[in-house]
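Taking it in order: structure first as structure tokens, then the write-up.
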Amino acid sequence: MKQSLKDYIVDPRDNIIIECEAKGNPVPTFSWRRNGKFFNVGKDPRVTMRKRSGTLEISFRSGGRPEDYEGEYQCFASNDFGTALTNKILLRVSKSPLWPKEVLEPVVVGEGSSLVLACNPPPGLPPPHTFWMNSAMMSITQDRRVSMGLNGDLYFSNVLAKDSHTDYSCNARFLFTHTIQQKNPFTLKVQTSKKITPNLTPNFPFPPLTHSLPIPLSPTPSIKWFKKGGDLNQKVKLDNFNKTLRIDSVSEEDAGEYMCMANNQIGSIRHSIFVQVKAAPYWLDKPFNLVLAPDESSRLVCRANGNPKPLIQWLVNGEPMERNSSLPNTRRSVVGDTIIFHSVQIGSSAVYQCNASNHHGYLLANAFVSILDMAPRMLGAKNQLIKVIENNRTFLDCPFFGSPLPELRWFKNGQGSGLDGGQYRVYINGSLEIKRARVEDQGTYTCVASNILGKEENQVRLEVKEPTRIVRAPEHQSAIRGTMARFDCRVKSDLTLPITVTWLKDDKPLSLGWRLKKDEDSLSIPNVHEQDEGTYTCTVKSEIDQDTASARLTVIEDTSLYPTQSSALPADYPDPPMDLEVSDPDKRSIRLTWIPGDEHNSPVTEFLVQFEEDRWEPGQWQNLSSYPRDLNSVILQLSPFVNYQFRVIAINSVGKSRPSRPSQRYQTSGASPDAIPSGLKGWGTKNTNMEISWEPLLNTEQNGPNLHYSVWWRRKDTGEEWNNVTTVGAKHIVHDTETYVPYEIKLQARNDFGPGPESNIIIGYSGEDKPTAPPTDLHVSNIDSTKVNVHWTPVDPNTVLGEFKEYRLYYWREGSMVKGLHVNKEKKTKGFYSTVAQPTGILTDLQPYSHYRMFMVVANSRYDGPPSNHVDFHTKEGVPDLPQFFKIVQRSPESIHLEWDKPLEPNGILTGYTLNYQAVNGSRVGHMQMESFLPNVTAYRLRLPDQAIRYRFYLAAHTQVGAGKIYTGESPHFTNEDVSMSTTVPPPLPPTTTAATTTISTTTTTTTTTTPTTTATVTASTTATTPVLVTSTKQADTNVLGTYSRPTCCMAPGRVIWNLTVKPNSNYANVSWNHNFPIGSSEFQLEFTLDGKIHTQFVVPVNQPPIKLAGLIEGAKYRLRVYSNEYHSISSNVVTFETSAAYIKDQVDIATQGWFIGLMCAIALIILILLIVCFIKRSRGGKYPVRDKKDLPLEGMDQKGEDGSFDYHSDEDNKPLQGSQNSLDGGVKESDDSLVDYGEGGDGQFNEDGSFIGQYTVKKDKDETEGNESSEATSPVNAIYSLA
């Protein structure tokens, strides 16, 4: 399941999205619980659940407070086969409180003095990051003289005159809201004396008194650490500019002389610490009881260490073995610290003692060696019923006995193999540990003990119950005398367990009487008075667990009835407790007594006891325990071998008091370790070793000096002797092992006071090697569009050479069967865990209509084996993805223009598009209409029958398999403006685990040019947070949100942006640049423009490079630059780049294309016009002599006919020319184009050669011209004629 984080902190300015995605067949249904109760999503108008998903979206556009939705959420996904659930998601709203208002007085110090500037940042969720800066936004330089503490305070070892500034400002950065809050700046004034400041030799001063002046150290000394006779080992760490040396896990090898040296130009000083170890004997191997069968052999080991080396002496039944030397026993022999038994017999049982001693002390241990011959016996009760609390560590006991020692195995419900490993662990005493009991662990468990003489079994029935807990606890309260007080105690428990609820007052049973009232989940105290004051405790018990909660009731007077001077005073912090005294010392406890201070008009609710020890963390105060207000003498439970010092803090409703003065120190005595080191494991780092490691004991668990560890190991099931080593570290490496063989391992912690408990035996393994054999016969079957069945022949388990993990399939997309589509050939893996003889698996989430390649390896925990044979296969055709975009533009009230582009992943051969649309009027929709298009059609114009109608469109691409995902959009409102309205519906973003999305709409100068809508997406990667997705939608000529520009009032000296690099692809580009701005202190603006279109400009805010600029137009040319968001004048150079086409368009019949038909018609029209012009020029001619023209014979072609050609004749000839026509009245129509009209009787002008000046003017009769006026006015031929 896909889900939100367990601890989910959200920004209060954004809508809340709680993710819950699950897949199943049938499709699952989703439901939610909030704070353990059913959450009815349908009843809250602000909460919606995504379709086919369980993701909740909580919107605050119509009001509401995000804080009202804080709580614990859990999602349930169910179908016919079961229910899956997410983690419990704790939803909290990020908080970034303001800095408290305060007036900071100037800080005046003398030169050379020490100083602390307090930061005290406001608390936030999550806590803010603090840093110090000056007014120039430059960080305060830190070194061994000036440094910042973990609490944000700024420390000066000694103040210099150059430290005088007026702008020491502490800044708190809240990551969620991306805001930085600045505290009022400190003004530091350094007073310099006319006298020269004395140079001081470093010194190691005692802790100063509370009011003493700081000791100046000038010049600042440097600090170095040394160890005499050797170097500081890797465990040594120097902190706080070498002022602190810390050694983790101190051991014998850390003993010696340590020297700390501080020096400056004036001198130096050293301090030495000497460590010497003397130890009484302590056990390395303590002898234990033995039970042997007849003819068995064994050994009894007694091994101890100390300084000086202890002497080992054996005794039998209290008598030294040397006294019985006159009667030698051939079945036993003593070799050093070991007694070896050979073929023991019945009747030779005895108690053996081991004595280890030196002049510091001695150790004595008894070991009973019993010779027995007995079949297994069960020592515990039969058929026990064990009830446990869910999620608790559980032990099922099966005590047994037998000789020879029986082998014990556990089974659940009488089925399967023995339980050992995973969450089960079998101990040598027969107990079965269930590390975390769950409901599914319920059942009947059977333990079977067997040896050569027989076997015996016993059963234990386990029931897992819900815990009993108080879900609403009583709270501290103050009540006015005479009013009612009420304490809540609401309980949740397992329904099968009866519970009882009791109330205590001051740790004594509360007598309810007639006045106090107790119901199911509360206690009411009417008419309270002074005797009711005290601590009330609610205790709820079941037969296997209990829970308690306490609260204090304080009775106060009504100040309106009894006004006093004290009641008018405001409440304040209590005074610290006084006169701490320790008494009644014991090995692991002591009594601490104190006198409470003044409460200052607010009763103390509790006392907090803290301790400090001077061995591991000197000067570090730690909480020990807290106690109610009515206790001032308590018994403190302590750890061995710790030098304690205590202090007490009083707490009331206002807050905590100052700590009390520390008590006198108390040193607890040492003891052997109580704890077993956790995390014991054995695993090889090489194929020839095994590394045994564990978690070292805590400082307070060591219980004594000279802590070290004894480690034992041996090959499993070989019967070999234990190997052992003693070490002070937290690991041991066993060398020269065979490859991946099992070992038995156990561990024990020891100190100078003795050994601790021995751990249980765990199984470890030596190192792994590369598998030697590949899987064979890799092949596929049942190839679908998105999945395929994979088959292979498994390898021999002996060739894995390690823990078999999986068969790992490597596969990648070699190409797409769509021509020209570029694919990502990233190699992916999928694991199959199978141990059957004929394994098979299903590879899913493939891309349809693609060519894939694969091979398989067998993998252990460290290595992949050699590859199998490579397999190629082709997935079948599928349905296409969404189109890349779907634009709905209404440029006029009569029509809507639709435009789209092919899907990025067609998943097959596109067969066309289906456009469904219907009229929308509020909640009413009209009849669905459909249009189908060929695959090469990517635009459609819809005429509107009514301007007021809006339409909803559904667009889907098709392959032969079927329709793909549907792209939905609605037509915009037409505003009767000379601008283009366009709506771009971006395809859904790919799912991201954590992303913040911001949509920014910008505008440009309004113009009559229609500019298509362009969507640009910028993805910026950061190092400290998850990727941030920024989407900028640019809509030309439409002011959506307006523009915002930051004034460029300042210049950042020395800041530059250079090396702007763009790597374009089809519809996106990777952009990177270099800059010298401080990381996290500056944002940038990315400005890119379609080349040649100054009105199509995009400005997108981004963070740190590199970024991915997506949503570009294929095959377009862009101009891009980057400039600082704070200093606009700091900019990179302008870079020009061009995107490429995503893939080649499908081939179509060009003869059917509209643009081709239009082009051919235009060419034909142009040719026709050119022919007419040539014909007219040839008929008209140019300049010519009139005398030559008169001598030419006039033929029929020179007559004026019906086509409007000219008819030339002489002035004397008054008869009709050849080819002339009669008028309608029978007369002869004279030519209108006579030379008389142009020359002798008119205004005609001639050149020297007799040709006409200007052009002919055609004179028509009124009757003739009336019929041709309209045609001449519109004909392109007449227009060209007038230009000829």
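The backbone N, Cα and C atoms fix where each Cβ goes, glycine too.
As recorded in TrEMBL:
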DOMAIN    1-86  domain 'Ig-like'
DOMAIN    100-187  domain 'Ig-like'
DOMAIN    219-276  domain 'Ig-like'
DOMAIN    281-370  domain 'Ig-like'
DOMAIN    376-463  domain 'Ig-like'
DOMAIN    467-554  domain 'Ig-like'
DOMAIN    576-671  domain 'Fibronectin type-III'
REGION    656-682  region 'Disordered'
COMPBIAS  660-671  compositional bias 'Polar residues'
DOMAIN    676-769  domain 'Fibronectin type-III'
DOMAIN    774-878  domain 'Fibronectin type-III'
DOMAIN    882-978  domain 'Fibronectin type-III'
TRANSMEM  1155-1176  transmembrane segment
REGION    1187-1284  region 'Disordered'
COMPBIAS  1187-1215  compositional bias 'Basic and acidic residues'
Within the domain 'Fibronectin type-III' (774-878), residues counted as helix, strand or coil by DSSP:
3 helix, 47 strand, 55 coil
Based on Cβ pairs under 8 Å, which of the stretches 219-276, 281-370, 376-463, 774-878, 882-978 lies most in contact with the domain 'Ig-like' (100-187)?
219-276
What does the DSSP secondary structure composition of the domain 'Ig-like' (376-463) look like, as residue counts for helix, strand and coil?
3 helix, 49 strand, 36 coil
Could you give the mean pLDDT over the domain 'Fibronectin type-III' (576-671), rounded to a whole number?
91
Quick check on the domain 'Ig-like' (1-86): DSSP residue counts for helix, strand, coil, in that order please.
7 helix, 39 strand, 40 coil
